[in-house]
Amino acid sequence: MTAAAGSAGHAAVPLLLCALLVPGGAYVLDDSDGLGREFDGVGAVSGGGATSRLLVNYPEPYRSQILDYLFKPNFGASLHILKVEIGGDGQTTDGTEPSHMHYALDENFFRGYEWWLMKEAKKRNPNIILMGLPWSFPGWIGKGFNWPYVNLQLTAYYIMTWIVGAKHYHDLDIDYIGIWNERSFDINYIKVLRRMLNYQGLDRVKIIASDNLWEPISASMLLDSELLKVIDVIGAHYPGTHTVKDAKLTKKKLWSSEDFSTLNSDVGAGCLGRILNQNYVNGYMTATIAWNLVASYYEQLPYGRCGLMTAQEPWSGHYVVESPIWVSAHTTQFTQPGWYYLKTVGHLEKGGSYVALTDGLGNLTIIVETMSHKQSACIRPFLPYFNVSRQFATFVLKGSFSEIPELQVWYTKLGKPSERYLFKQLDSLWLLDSSSTFTLELQEDEIFTLTTLTVGSKGSYPLPPKSEPFPQIYEDDFDVDYPFFSEAPNFADQTGVFEYFTNIEDPGEHRFTLRQVLNQRPITWAADAYNTISIIGDYKWSNLTVRCDVYIETPEKGGVFIAGRVNKGGILIRSARGIFFWIFANGTYRVTGDLAGWVIYALGRVDVTAKKWYTLTLIIKGRLSSGMLNGKTVWKNIPVSFPKNGWAAIGTHSFEFAQFDNFHVEATR
């Protein structure tokens, strides 16, 4: 007797009541012996770094639609947790995010876009949990060392100001704060941070540590009772669904505080579907946080399209609601932080897993996944082979769930396009005459959610505009008097921080500019370049003309560049190749084939000094390139054979103040 049938290709998706005797595993879902661990939610990371960079430039209504798919309850991913980078001015994977304190006496709580993003998330879901975590720190924190623990009080003060600023300027309550992403922790610093938070009346802000591996933080907590007391959650990254004995012995909440990081294809969706269940089944992790929230960065940067959805074309408005959004919905739309897992969770006989959660008020949500090995391999760690095959799974509801009359059914099938379904609602399942028992026929690469809740929905908007390449002619004069965001559209800083700037002393043509504002190397998380650089455009550009007005602020030692065909960014920025046209305050110019300046095509003298505006022009066509200063040719037809294509860019010789204006690029692929 088939209770409900949705179609999957030409085959039915049967839900069978117990009246039909079928072989297979039997799984009891029961709360008679109490409940399991408290569920803390499903979330995603914005940052680590600059992963939401292009999102802010999207025109309406598309930007709001993207945000709805991510945060709006019972619409799309419906995330419970948003974790953001506390910008520290350093390169943190796909770019830099600005600090709220570039310098020791500087405070600005409107830089970057994480404040805005948190407010947009809260606007859609007032109950969303907010987390902050630093990847890099501004250089002054280290007092000459590439280390944030030189002065523990100073670093704790810096983090505390971010939390206080979030509340004072944006009315945002930060719920959790981390230590240092995937880097060393300092036991005394964690204690100092807790004391400082308490002193500031921030007792409610919980500490999560150490956003790296389970060890040595777990063992350290077992050996230090004060440390054990001040850490609320142990957060591990990419745990492969498993934890360690020491972590469990702490009796603290265990989270996969960064996971996924996989191309958002159906394989990435399968990865997410598997770990959302098995992080708890195997490792007792009660929250899973995906990196990253939305792939809103140039796709050729590291980890392209490793977000829950893709929004990397603000110039066209095009975005893609990828399958991980709907895999997330299977859990997020039918649970809430504060629900509890049942103790009766586990693996299916022929592969896959099941979890069940309750709000303690009679509601029940069951999530069953049968992700195959080939369909669910995450980017890391290595996934040992396992087999999943067709099976029947019989579930028996006992305890307070034995009287449930009806379950709503939601279904996903990943893989072949002809059989593919994403978050499809099937007919509900009636249990009144079934002795609270039902059987699922399961194929591989499926997800079922069965729930008493009727709130689920597959949200949708009209299709966004079609995909378009970056405009071949693009210009920006940076003439923005009161910018809503601190950074100019589409520029993606890869080392250094480039911000809108107002020249109070220059009422003329260059009153509003883009300025590189770091004068000191940050405490780095990745291999930042020794030069600052911001990229823009289409990675496929080959023939292009870049023109920009430039202003060197540092006498004698200062220098700036414009560039084309820049072929690397993110954590690989130090080794970027391209064609770079430099001028220096000492009256010299240089043409190099790399950002580091090792490959020199030409050099010589020019009439250049600091504190004066110049117009640089770089022309690249085929195998030849030329450069002009104030409209006069400085070098011409220099052979350049590599790379064949890449972004346009601007930047400085070192961590120094410099300004850019009237940027213009004209390109062909």
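For all residues, glycine too, the Cβ spot is worked out from N, Cα and C.
Reduced to three states, the DSSP call for GLU182 (active site, proton donor/acceptor) is coil. According to Swiss-Prot, the feature active site, proton donor/acceptor maps to GLU182.
The active site, nucleophile annotation in Swiss-Prot covers GLU258, and the record cites similarity to another entry as its basis. The Cβ of GLU258 (active site, nucleophile) lies under 8 Å from the Cβ of VAL45, GLY48, ASN181, ASP211, GLY235, HIS237, TYR238, ILE289, ALA290, TRP291, each on the same chain and at least six residues away in sequence.
Secondary structure at ARG380 (substrate binding site), taken from DSSP and collapsed to helix, strand or coil, is coil. Summarising the environment of ARG380 (substrate binding site), the number of other Cβ atoms within 10 Å of its Cβ, over all protein chains shown, is 12. Marked as substrate binding site by Swiss-Prot on the basis of similarity to another entry: THR93, TRP135, ASN181, ARG380.
Within the same chain, residues at least six positions away from CYS378 (disulfide bond) with a Cβ under 8 Å of its Cβ are TYR238, ASP259, PHE260, SER261, THR262, GLY268, CYS271, ILE275. Under the heading disulfide bond, Swiss-Prot lists CYS271-CYS378.
Mapped onto three states, the DSSP output places ASN363 (N-linked glycosylation site) in coil. Packing around ASN363 (N-linked glycosylation site) is summarised by its Cβ count: 17 other Cβ atoms lie within 10 angstroms of its Cβ, all protein chains included. Taken from Swiss-Prot, the feature N-linked glycosylation site applies to ASN363 (among others), supported by sequence analysis.
Annotation source Swiss-Prot lists N-linked glycosylation site at ASN387 (among others). The Cβ of ASN387 (N-linked glycosylation site) has 9 neighbouring Cβ atoms from other residues within 10 Å, across all protein chains displayed.
Look at Swiss-Prot and you will find ASN543 (among others) tagged as N-linked glycosylation site, backed by sequence analysis. Within its own chain, ASN543 (N-linked glycosylation site) has ILE620, LYS621, GLY622, ALA667, THR668, ARG669 as residues 6 or more apart in sequence whose C-beta sits under 8 angstroms from its own.
Applying an 8 A CB threshold to same-chain residues 6+ apart, the list for ASN586 (N-linked glycosylation site) reads GLU556, LYS557. If you look up Swiss-Prot, you'll see ASN586 (among others) marked as N-linked glycosylation site.
The annotation signal peptide is assigned in Swiss-Prot to 1-26.
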List the Cα distance (Å, whole number) between TRP135 (substrate binding site) and GLU182 (active site, proton donor/acceptor). 8
Ten-angstrom check, please: count other Cβ atoms within 10 Å of the Cβ of TRP135 (substrate binding site), all chains counted. 28
CYS271 (disulfide bond): secondary structure state under DSSP, collapsed to three categories: helix
Could you state the whole-number distance in Å separating the C-alpha atoms of THR93 (substrate binding site) and ASN363 (N-linked glycosylation site)? 41
Any same-chain residues 6+ apart from GLU182 (active site, proton donor/acceptor) with CB under 8 Å of its CB? Would you list them in sequence order, or say none? ASP211, ASN212, HIS237, TRP525
Inter-residue Cα distance where the pair is ASN387 (N-linked glycosylation site) and ASN363 (N-linked glycosylation site), in Å: 32
In whole Å, how far is ASN387 (N-linked glycosylation site) from ARG380 (substrate binding site) when you measure between their Cα atoms? 19
